[in-house]
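Q: Quick one: the structure is below, questions incoming.
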Amino acid sequence: KFVGDALHAFSKKLSDPNNALKSWDPSIINPCTWLHVTCDSNHNVIRLDLGNNDFTGTLGPELAQLPSLQYLDLNGNKLSGNIPEELGNLANLISMDLSNNKLEGSIPKSFVKLTSLKSLWLNNNELSGTIPKALILLNLDEFFDNKKLSGTGVKGVVP
């Protein structure tokens, strides 16, 4: 399955009132020409910059089909639902910003597998539950949770 297919499937779950994803043409197999997508010299998607686009919708497992992804920015949208466990499979992820959305549920336990992760922003969502203790062992440079988890209240030790 092509990476472009995964991105197109992801985009289909979103309402895009500002046409930020207009260039995401499923007939173009290589998504490296699409706006908000950055690729490395081998045409692997390494960055998605999709912050502040007023997207509504949910996150699905499709983004986990981007094995080279290092930076994921979805902050400042209106995304709802749970954070998919599958995002914990993005072994190369360095920075993930899901802040300022309407995400709910708990922090996926699979996030403890994100050993390359240095920055994790989850603030200003409606998350609840406990912060996985092993998340602390990741040695994050930046971790912004919801203090109440800025919605309901994640309880746990914050590094």
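Yeah, the Cβs are placed from backbone N, Cα and C, and that goes for glycine too.
Note: TrEMBL annotation is automatic and uncurated.
These came from TrEMBL, pasted as-is:
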DOMAIN    4-40  domain 'Leucine-rich repeat-containing N-terminal plant-type'
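Help me picture these features in the structure, burial and contacts included.
A: Listed by sequence, the residues of this chain that lie at least six past the ends of the domain 'Leucine-rich repeat-containing N-terminal plant-type' (4-40) yet keep a Cβ under 8 A from its Cβ atoms are 46-50, 53-60, 62-63, 65-66, 68, 71, 79.
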Q: For the domain 'Leucine-rich repeat-containing N-terminal plant-type' (4-40), how many residues does DSSP put in helix, in strand and in coil?
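A: In the domain 'Leucine-rich repeat-containing N-terminal plant-type' (4-40), the DSSP-based counts are 12 helix, 5 strand, 20 coil.
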